[in-house]
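Novice: One structure, pasted below without further comment.
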């Protein structure tokens, strides 16, 4: 988070803000410790995360080990946000994550969730889906390769295509056309198989009703 440097006239105000900032961090630390006690007791409605056959809990353990190898810590708050994304199984917006966090801890504040998301992004554990302003878990929690993301415009389901050669060829074509990618992500919009099936069922139902 960027912070502006205080002027001399606001030195006293800055000192007060610094004290408040320290208090806020102390509150976050206490909040994380409290969350750790609930991490294993809270069952999400979506059940298990299937990434290479891994359960939600084993995926979280994998992420924790990955962070330790990087010399970083998957704190209880970061772990909970990752758990919610894993359990969702689709792209989720930050405010939806905040709503879910508040169901567990009513005092959860937006900065707490955003800081956790920033960490998970920097660690390569999740992707930011720019086209829908949402977040989704990387298909490989130990080696993010920035694959091609296919996003369902109806339900938010995200499929990551792990095709390095295809991505390299696509990037080469983009650069040959005189463009430079503004980020690592490549997103394609579409409609997933489940939503297509739902559309077809709705259309058939409407057709049957019209002829009845």
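Just so it is clear, glycine is given a Cβ too, placed from its N, Cα and C backbone atoms.
Not my notes, these are from TrEMBL:
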- 146: Fe cation binding site (BINDING)
- 152, 155, 192, 195: Zn(2+) binding site (BINDING)
- 20-46: compositional bias 'Basic and acidic residues' (COMPBIAS)
- 18-48: region 'Disordered' (REGION)
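Where in this structure would I find these features, and how exposed are they?
Specialist: According to DSSP, residue 146 (Fe cation binding site) is assigned to coil rather than to any helix or strand.
The Cβ of residue 195 (Zn(2+) binding site) lies under 8 Å from the Cβ of 152, 154, 155, 157, each on the same chain and at least six residues away in sequence.
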Novice: Going by DSSP, give the three-state secondary structure for residue 152 (Zn(2+) binding site).
Specialist: strand
Novice: Report the residues of the chain - excluding 152, 155, 192, 195 - with C-beta within 8 Å of the mean position of the site's C-beta atoms, for the recorded Zn(2+) site, in sequence order.
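Specialist: Surrounding the site, in chain order, are 153, 154, 156, 157, 191, 193, 194, 196.
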Novice: Measuring Cα to Cα, how far is residue 192 (Zn(2+) binding site) from residue 146 (Fe cation binding site) in Å?
Specialist: 20
Novice: Among all chains shown, work out which of the binding-site residues 152, 155 has the most CB atoms within 10 A of its CB.
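Specialist: The most densely surrounded of these binding-site residues is 152.
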Novice: I'd like to know which of these binding-site residues, 146, 192, is least surrounded, judged by other CB atoms within 10 A.
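Specialist: Taking 146, 192 as the binding-site residues, the minimal 10 Å Cβ count falls on 146.
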